[in-house]
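Participant: The structure under discussion is supplied below as structure tokens; questions concerning it will follow.
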Amino acid sequence: MEILYLLIPLSVVLVFIIGAAFWWSLRSGQYDDLEGPGYRVLRDDDGVRK
Amino acid sequence: MGQASCYHCGLPIPAGVDLSVTIDGEARAVCCIGCQAVAQAIVANGLADYYRQRDALPESPREAMPRVLDDLKLYDHADFQKSFVRALGEHEREAALIIEGITCAACIWLNERHLAALPGVTGVDINYSTRRARVRWDETRLQLSDILAAIVAIGYRAHPYDVARQEALAHRERRSALWRLFVAGFGMMQVMMYAVPAYLAGEGEMSADIEALLRWASLVLTLPVILYSAAPFFRGALRDLRLRRVGMDVPVALGVGAAFAASLWATLSGSGEVYFDSVTMFIFFLLGGRYLEMTARQRAVSVTEALARLRPAFAARVPGFPAVRTVERVVVDDLAPQDVVLVRPGETIPADGCVLEGTSGVDESLLSGESAPVTKAPGDALTGGAVNVDSPLYFRVEQIGEATRLSAILRLMERAAMEKPQLVALADRIAGRFLEVLLLLAAAVAVAWSFVDPARMLWVTVSVLVVTCPCALSLATPVALTIASGALARLGVLATRGHAIETLARATHFVFDKTGTLTTGEMRLLDTLPLGERDRDACMALAASIEQASEHPLGRALRQAAAGMPLADVSEVAGVPGAGMSARMDGRAVRIGRLAYVGEIHGQALPEAAAAFAQSDDTVIALGDDTGWLALFRLGDAVRPEAAAMLAALRADGRELVLLSGDSARVARRVADALGIATVIAEASPQDKHAYVSGLQADGAVVAMVGDGVNDAPVLALAQVSVAMGSGSQLARTQADLVLLSDRLTAVAQAYRLARRGLAIIRQNLVWAFVYNIVALPLAMAGWVTPWLAGIGMSGSSLLVVLNSLRLQRSERHEKPWKSSIS
């Protein structure tokens with residue numbers, strides 16, 4: 001059961017890492033448009049990129 | 001005080017700086033010249049109360065002061081002003097500003113008082129929720145830059161309002177709400193994982209140090225939830241307390257704070273119970289409810305934004321028109337009246353104007369609610385914001401920027417949003433009372449439970465605080481009203497004042513003006529009486545042929561009536577002012593016009609049958625040639641085709657209908673009979689109209705006045721709720737509570753139905769909110785509701801109110817305008 005002393009703090013750290021990852025994705029605007037990218041895959045203008 | 005900090009902005013005072021301001025007789029140290037100037041300005045204006053009322057420190061003006069003042073001069077430039085300043089009177093101007101740096105209600109107070117004290121400022125109106133200000137001032141006494149400098153002087157910043165900035169603000173709000181929700185949700189799940197062992201383990205099955213470890217882990221994960229996710233609740237509660245009032249956030253903050261403090265103490269001391277799981281779950285559900293509310297609200301108000309976005313950014317100017325057709329792209333702000341602009345199919349019309357060349361269908365649905373495109377030919381007026389559908393149009397710009405109809409519409413909508421309807425104010429007051437009672441009750445519950453079962457005292461009290469939070473109560477009215485005005489706008493009816501919807505729903509009498517309201521206000525051919533060998537159509541065609549080039553209203557009406565008929569071959573057309581027109585056809589002289597003028601050429605008396613026809617209040621003109629009379633035409637103001645349906649719908653709803661007209665009794669009577677209006681008040685001067693309506697009101701009637709003209713303006717102002725025709729006079733429109741953007745009268749009946757439904761929904765919401773609170777309160781007091789359940793209950797009840805209100809938006813699409821939906 002001693003492993004719990006490692007695993008529980010580890011889970012806390014993991015939560016913060018996941019939280020940071022979500023924060024980054026939110027900041028970079030990944031949730032701003034939830035539909036567009038799905039259609040973009042279907043479009044044929046792959047060649048035109050900025 | 002030990003470490004010296006600036007009395008104004010709260011920043012530490014740098015070494016060697018020795019500045020102070022005397023406030024309320026005491027010298028207060030400040031950190032920089034900027035702060036000193038600001039504080040002195042505040043005190044000098046007798047606004048030292050600000051320091052007692054504020055609950056957040058202002059941003060430091062240190063950087064901004066001198067440089068900004070130079071930039072402000074730019075705002076006085078007329079070209080720069082045209083997008084956000086409009087003229088009210090000869091010298092009075094009004095600007096829409098957005099004020100940055102407003103953190104609390106005291107800031108609003110400070111800004112309003114400070115600006116109102118400036119000589120030359122005639123009005124200030126600041127909206128706390130949108131941070132938008134409308135300032136009116138006298139141009140001869142004050143410059144806009146003086147006003148902006150005054151705002152800067154007390155430590156705020158003002159910008160001209162623009163939509164993009166506002167949208168960015170809404171976007172940020174959405175993003176931060178989502179992030180708070182995520183933190184709470186993630187914290188909640190993880191804390192629950194740590195809480196489960198404590199629930200499952202029997203007495204003594206878990207060692208004390210493992211239990212302590214789990215508690216510490218829960219604490220670490222609850223901290224961000226409390227400090228970040230729940231921050232808006234605490235901030236709101238703090239603001240309310242500072243202003244000595246009880247708001248929605250107070251019980252929530254109390255509940256969350258108490259539960260967290262108890263758990264924190266239990267964790268640190270290693271004794272007692274922890275409630276981290278309940279706290280996080282509670283915050284998550286509350287935030288979830290708020291997030292859904294916010295998205296619903298933002299969707300509902302998007303009609304206004306859609307209108308604001310109608311104005312395109314670029315326009316195609318044709319400087320050499322009509323000779324040279326080369327097009328240059330210009331920014332819409334650079335357009336000036338008299339410019340000629342080309343609008344291609346699919347493009348948006350950039351300004352108000354008049355068609356010069358081309359005929360095309362124009363879609364004005366967003367402006368007027370009229371779904372079918374309207375055909376525009378040379379000479380017709382175009383409204384900025386409408387979309388050209390079929391073919392290219394060249395038009396001459398007449399109004400630009402704030403002077404356009406689109407801008408006027410937006411301003412009216414803003415005004416409605418600024419005014420708080422009485423219903424909402426009432427609900428707020430009730431909710432405030434309710435909260436005070438609730439806090440006392442919670443205290444009583446805490447005392448009672450400390451005797452019954454001290455271990456459960458804390459969470460029972462928290463549940464009571466949370467479950468009964470009157471959010472639903474205070475949301476019930478504003479949400480429904482907001483959504484109803486959005487739905488009205490889609491019908492082409494603009495609610496320009498806050499109370500319009502509730503009063504319209506209560507209207508008992510609908511009073512109509514005749515000319516321009518129930519009738520089109522234009523000359524139309526009403527009746528034709530053929531007298532010679534030619535039939536009706538031939539006479540109309542002949543009359544239209546003679547009047548082909550006439551600009552007289554009667555001539556236009558005849559042409560319109562004969563549209564599409566083959567024209568007769570006439571020559572030598574000549575007009576005799578005040579009499580009529582003469583022409584020659586097949587070698588015969590033909591005349592059209594006054595009876596006497598036409599009678600001259602053949603010298604015959606009017607036949608018996610025609611004499612009765614000629615006896616009319618409408619205009620009668622004759623057509624004849626040198627052998628005798630050909631026909632008589634009766635022209636007059638025609639009833640709008642949809643008026644009858646609208647009145648029938650109102651009558652079916654049991655409303656009293658009145659026709660109030662300045663016209664002769666016979667004409668008014670005829671229109672009333674055709675439309676089935678029983679009560680007619682004719683030959684009424686504006687004073688008579690005023691007296692009649694106030695007489696109705698004295699008898700307890702709620703009067704809805706529908707009118708269009710200048711003579712209607714006093715009555716429109718007097719009636720409890722007034723509706724103006726969009727094509728009516730400017731004066732009538734500014735007096736009215738509701739404006740019909742299209743002249744589609746049926747919208748009046750639709751708007752009435754919608755307002756009634758809105759009021760019904762508000763009633764349902766209020767009943768639901770009260771029932772919920774009455775049921776939930778005893779349950780929570782008895783200790784049957786856990787805090788997280790209370791959180792769901794409270795969010796759920798608010799959400800139900802929002803969803804119920806959204807029905808206003810939805811059902812309107814299926815409902816046929818004046819057939820009651822039987823579903």
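Placed from the backbone N, Cα and C atoms, the Cβ positions cover glycine too.
In case it's useful when we look at the structure, here is the feature table from TrEMBL:
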type	residues	note
DOMAIN	B:93-159	domain 'HMA'
TRANSMEM	B:181-201	transmembrane segment
TRANSMEM	B:213-234	transmembrane segment
TRANSMEM	B:246-268	transmembrane segment
TRANSMEM	B:274-292	transmembrane segment
TRANSMEM	B:430-452	transmembrane segment
TRANSMEM	B:766-782	transmembrane segment
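Quick one: where do these features end up spatially?
Facilitator: Listed by sequence, the residues of this chain that lie at least six past the ends of the transmembrane segment (B:274-292) yet keep a Cβ under 8 A from its Cβ atoms are 177-178, 180-181, 184-185, 187-188, 191-192, 194-195, 198, 215, 218-219, 221-222, 225-226, 229-230, 233, 252, 255-256, 259-260, 262-263, 266-267, 458-459, 462, 466, 786-788, 790-792, 794-796, 798-799, 802.
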Participant: So which of B:181-201, B:246-268, B:766-782 is most in touch with the transmembrane segment (B:213-234), counting Cβ pairs under 8 Å?
Facilitator: B:181-201
Participant: Six or more residues beyond either end and a Cβ under 8 Å away: which residues meet both conditions relative to the transmembrane segment (B:181-201)?
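Facilitator: Sequence-remote neighbours of the transmembrane segment (B:181-201) are 210-211, 214-215, 217-218, 221-222, 224-225, 228-230, 274, 276-277, 280-281, 283-284, 287-288, 291.
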Participant: Please list the DSSP helix, strand and coil residue counts for the domain 'HMA' (B:93-159).
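Facilitator: Each residue of the domain 'HMA' (B:93-159) counted once, the result is 22 helix, 25 strand, 20 coil.
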